[in-house]
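Read the structure below first, then the notes.
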Amino acid sequence: MMVTVSYDYDYNSTFLPDGFVDNYVERLSFGDLVAVVIMVVVFLVGVPGNALVVWVTACEARRHINAIWFLNLAAADLLSCLALPILLVSTVHLNHWYFGDTACKVLPSLILLNMYTSILLLATISADRLLLVLSPIWCQRFRGGCLAWTACGLAWVLALLLSSPSFLYRRTHNEHFSFKVYCVTDYGRDISKERAVALVRLLVGFIVPLITLTACYTFLLLRTWSRKATRSAKTVKVVVAVVSSFFVFWLPYQVTGILLAWHSPNSATYRNTKALDAVCVAFAYINCCINPIIYVVAGHGFQGRLLKSLPSVLRNVLTEESLDKRHQSFARSTVDTMPQKSESV
């Protein structure tokens, strides 16, 4: 799926068929078939699921800071899901690209934009939760919708910059033997470019966030449980589930990216990794549809989900109540909620 042009004397990867010989019949590999099935499911679940989350959170964004965070997460996931039909057409037709050079640069790159946007937004949410615990008075005075939207805007801009190599190095490639057009990532003849991109992607998009967010939520969970702040604990648990799913579904993609960048196309490791790459990319796409499922499961028990509409369940999870009347003391309730005069958490 993620095609990279290959030169005879460097280590850039290629997803062109393994040679064109007489009587060779092209067909989808088992890995491609699995990838197609996964992507179809992701599209069918992710588009309506994320569209519903966008609708619910957009209605609540003026009153609840949490709604702003989850609105941007859902928008990033929805954007990636909407590109899937075109990518599916290319995959089913053995990576033949029908849609021109501009679409080649933009559409396959959306998954990387999603990766960086998601992890940066999750880091922003984590910082927000941490500030609510460590500096509740500061949050009471300065935490508001304008600051939240500014933080989300910065996350999107930084994600665009981090994913820009994919936009810059993607192009269409005409295969002379098969007379097909492929959408490829061409790093040229300098292997260091591909390795640098893969390394930055691994460090910025995975390892550093994994370490920092693990430490952050270990502290937050211990703090909320010790104070029995049930409402805040529920929000933290939802975010922990979203963060965990991100790392689970992106891990295979990161591993294959490093292996393909550091091994010769002639090596057995490279060939075996390449055979799994389409599945790993599709597996990463699952992260684009899993969040709405997490929100619904976290909303209520099974009976509650039967009795209440999906928008009500999502609204309950993605926004937080204002001040609990049973905890009027600000010192005892800053983890749970903020006072009535401030925006809801």
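Keep in mind that glycine also has a Cβ here, set from the backbone N, Cα and C atoms.
It should be emphasised that the depicted structure is a prediction, and the values quoted were computed from it without experimental measurement.
Swiss-Prot lists 1-32 (among others) with the feature topological domain 'Extracellular', giving a curator's inference as the kind of evidence.
Summarising the annotation, Swiss-Prot assigns sulfotyrosine to TYR9 (among others) and lists similarity to another entry as the type of evidence.
If you look up Swiss-Prot, you'll see TYR11 (among others) marked as sulfotyrosine.
Residues or ranges marked as transmembrane segment by Swiss-Prot: 33-59 (among others).
Among the features that Swiss-Prot reports, topological domain 'Cytoplasmic' is placed at 60-64 (among others).
Annotated transmembrane segment per Swiss-Prot: 65-88 (among others), in sequence order. Long-range contacts of the transmembrane segment (65-88) within the same chain: residues 1, 36, 39-40, 42-43, 46-47, 50-51, 53-54, 56-58, 99, 103, 107-108, 110-111, 113-114, 117-118, 121-122, 124-125, 128, 143-145, 148-149, 152, 155-156, 235, 242, 285, 287-289, 291-292, 295, 318-320, 343-345, each at least 6 residues beyond the stretch ends and with a Cβ under 8 Å from a Cβ of the stretch.
Look at the topological domain 'Extracellular' (89-105): DSSP puts its residues at 10 helix, 1 strand, 6 coil. The annotation topological domain 'Extracellular' is assigned in Swiss-Prot to 89-105 (among others) on the grounds of a curator's inference.
Cβ contacts within 10 Å of CYS104 (disulfide bond), excluding its own Cβ and spanning all protein chains shown: 23. The annotation disulfide bond is assigned in Swiss-Prot to CYS104-CYS183 on the grounds of sequence analysis.
If you look up Swiss-Prot, you'll see 106-127 (among others) marked as transmembrane segment.
The feature topological domain 'Cytoplasmic' is assigned by Swiss-Prot to 128-148 (among others). Per-residue confidence over the topological domain 'Cytoplasmic' (128-148) averages out at a pLDDT of 85.
Positions annotated as transmembrane segment by Swiss-Prot: 149-169 (among others).
Here the topological domain 'Extracellular' (170-195) has, by DSSP, the following mix of helix, strand and coil residues: 5 helix, 12 strand, 9 coil. The topological domain 'Extracellular' annotation in Swiss-Prot covers 170-195 (among others).
Per Swiss-Prot, transmembrane segment is recorded for 196-221 (among others), and the stated evidence type is similarity to another entry.
The feature topological domain 'Cytoplasmic' is assigned by Swiss-Prot to 222-237 (among others).
The annotation transmembrane segment is assigned in Swiss-Prot to 238-260 (among others).
Per Swiss-Prot, topological domain 'Extracellular' is recorded for 261-277 (among others), and the stated evidence type is a curator's inference.
Counting Cβ pairs under 8 Å to the transmembrane segment (33-59), the stretch among 106-127, 149-169, 196-221, 238-260, 278-298 with the most such contacts is 278-298.
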